[in-house]
């Protein structure tokens with residue numbers, strides 16, 4: 001009898017056939033065969049699923065890491081030498097991770113072609129590893145590692161499945177690392193030893209999952225590099241092909257150098273982020289063909305798949321960053337005093353509002369000395385003012401306890417995420433307000449801060465990456481593969497952090513309370529500073545911080561729990577990037593993502609749903625015009641009461 005190509009009929013002594021022909025023996029053999037078939041299918045399904053998930057995870061993490069490194073290289077405050085190294089580090093990192101991803105794909109192919117682990121077992125035996133040890137090692141890796149991870153927690157079924165998948169991903173990664181190692185050993189041993197003893201050893205060994213003898217023989221021969229007669233006859237032709245390949249390798253290497261020079265030229269000539277991005281894609285493509293001609297077996301088609309994925313996801317992340325640029329009026333008042341004529345704004349509704357309408361920040365030194373969401377919105381919006389930031393601040397605070405404000409520092413508009421230091425002597429408060437995305441450097445900062453997590457969020461819609469890959473692994477990955485930090489570069493918010501620590505110390509000495517606020521990019525930086533310095537941060541539409549927390553240098557999630565308050569409008573895409581670790585204040589917004597991302601919308605919504613501003617201010621005419629589509633909404637999406 002032959003099962004899966006393996007001859008199971010062995011010589012039997014006289015009378016043994018009668019025992020084997022009994023109904024019990026036939027039933028046992030049928031059960032064994034059925035079990036082996038089902039177990040083989042389960043191995044294939046699990047290995048294919050884990051391999052696909054690991055490949056997608058590696059491709060996604062690689063895309064986010066290389067995109068962050070690309071934008072870190074373009075950041076205009078970087079030193080020139082750092083730019084040169086960073087532009088070179090991006091393709092090198094991409095190639096190394098692509099090689100690992102290609103091995104993962106090979107592990108997946110090994111399950112689809114014939115029996116499970118057929119090529120891997122053949123490589124192990126051809127490399128000189130005894131077949132029983134190879135069989136045991138495969139079973140231990142495949143079944144043992146997931147079970148070890150399962151032992152971490154038996155609390156719930158979801159944790160059981162998640163931990164089992166974690167162990168499966170580790171097992172696939174181990175197989176992917178061992179695969180090139182055995183290939184190298186076979187390459188070294190293949191020219192010295194005969195392969196036939198290994199064939200016999202493999203044929204005589206029987207385990208639950210065993211490849212066909214013909215498959216093992218062919219794979220061992222391929223693994224040992226034994227040339228067939230046909231290949232020997234074509235030796236001359238192969239030599240000519242090798243010579244042509246060497247010429248193409250030189251040509252593509254020169255092309256890589258030329259494209260690398262174009263990347264540098266686009267940076268120093270300030271041709272724009274998209275031009276540099278296209279040149280980087282060309283550099284990655286020419287690098288592939290150069291390596292393909294120099295070392296054909298090093299990279300597979302997996303590299304091209306990852307390159308296409310990198311182009312698509314990176315373009316989406318760049319577009320999202322540009323979407324966060326604040327548009328519209330940048331030198332207009334946010335709130336004005338109640339006595340000023342306001343022609344467009346209807347009175348606030350009589351609705352119950354939001355639970356966070358009554359939130360206040362600061363010690364109780366008087367009812368009017370505590371800060372509210374309207375106060376922080378005025379400051380977060382004022383730093384966008386290109387020429388009238390101080391006027392916007394003063395007009396927004398006139399007629400209130402905060403009107404005696406002092407602007408201690410206001411950076412130039414050309415600074416990345418410029419900040420203002422505002423002191424309120426009567427209220428005994430000091431606030432650091434940080435601007436969001438407004439210029440080219442701000443776009444690069446956006447990508448540097450949250451592009452990796454944005455890429456993962458995009459892929460999570462198709463593959464449950466964050467559910468399968470442990471969160472601490474993703475956090476470590478983003479922290480370790482920080483290309484800018486590898487070459488001694490400072491984080492883009494290092495100056496903000498130094499200033500926040502200085503202001504916190506100064507405020508403590510003067511008996512003042514210190515707060516940080518910001519919108520969008522400024523809100524992200526404010527959240528980081530609040531977690532590191534240990535001060536309250538009130539932010540508007542910031543991206544999340546969950547997956548990037550280790551790279552931000554914050555010790556743990558609790559640092560955000562005790563400091564961060566984030567206003568998160570509905571339909572705003574930016575706050576949906578990653579996960580908010582602090583207190584989130586959701587708000588309704590029926591508009592498009594660009595409109596919902598503005599600070600002015602939060603002011604209009606709070607004014608209407610909270611019964612007006614506690615300090616008696618009203619939105620200015622300019623802000624009211626930005627919000628009129630909400631006030632006149634008749635679709636029912638915005639439930640306003642009259």
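Each residue, glycine too, has its Cβ placed from N, Cα and C.
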According to TrEMBL, which stretch among 161-182, 183-204 corresponds to the feature transmembrane segment? 161-182
Which of these ranges is annotated transmembrane segment in TrEMBL: 1-20, 21-40, 81-100? 81-100
Under 8 angstroms, Cβ to Cβ: which one of 120-141, 161-182, 248-267, 273-291 has the largest number of such pairs with the transmembrane segment (47-75)? 161-182
Folded-back contacts onto the transmembrane segment (161-182), same chain, C-beta under 8 angstroms, at least six residues removed: 46-47, 49-51, 53-54, 57, 100, 103-104, 106-107, 120, 123-124, 126-127, 129, 141-142, 145-150, 152-153, 223, 467-470
